Amino acid sequence: MNAVYAGTFDPVTSGHLDIIERASKMYDILYVTIFVNPQKTTLFSLKERLELLKEVTSCFDNVRVDYSQDLAVSYAKKMNAPILVRGLRATMDFEYELQMAFSNQYLDDSVDMVFFMTRPNHSFISSSSVKEMASHQHHVTGLVPPVVEEALEKKFKKNKEAL
Ligand SMILES: Nc1ncnc2c1ncn2[C@@H]1O[C@H](COP(=O)(O)OP(=O)(O)O)[C@@H](O)[C@H]1O
Ligand SMILES: [Mg+2]
């Protein structure tokens, strides 16, 4: 069976990567797919997020990086992947994910959501928190893969120069 791990990945963190590693062991093909949401502004462009994801997942043979503008359930069906993988950190995530699960069930009952619990050492990592730290020139070593750390450093150096 195939599965889709959907997200914004702005940028991919060690928390995401851990879910990717664990889910890739459970499914034949794991599509790690950036869903483009025009309502959300991102620090990294779609192209940059795709490149970073490709780089950090190149060690997993059955992981495919992709993007989509469809609804996640429609995309999952198209890819013959009836599972949407998500990660859970805290009750805050739970509320949001539950609402999304209900919406997805309403849209298409043949696609189910599967949740992976975060690890204690990843429980406070979010793309937003690492962006916040990096924007203040604080190191984010270990919270994100090394290539992402570099990309964040470059991004905020550039942003500072532009001020
Ligand atoms: N540190 C983490 N540990 C476990 N799961 C995580 C972590 N950070 C994010 N996730 C999960 O990864 C998925 C994608 O997250 P994200 O890139 O923020 O996209 P979205 O915009 O869909 O929330 C979500 O299910 C989120 O809860
Ligand atoms: Mg999120």
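Just so it is clear, glycine is given a Cβ too, placed from its N, Cα and C backbone atoms.
Unlike curated records, TrEMBL annotations are generated automatically.
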Problem set entry | Of Thr8, Thr118, Thr141, residue recorded by TrEMBL at the substrate site of Lys40, Ala72, Arg86 | Thr8
Problem set entry | Which of His16, Lys40, the listed binding-site residues, has fewest other Cβ atoms within 10 Å | Lys40
Exercise. Looking only at DSSP and grouping its letters into three states, which state does Leu88 (ATP binding site) belong to?
Worked result: strand
Exercise. Do you know offhand how many angstrom separate Ser127 (ATP binding site) and Lys40 (substrate binding site) by C-alpha?
Worked result: 13
For this session: Could you round the CA separation between Lys40 (substrate binding site) and Thr8 (ATP binding site) to a whole angstrom and send it over?
Result: 9
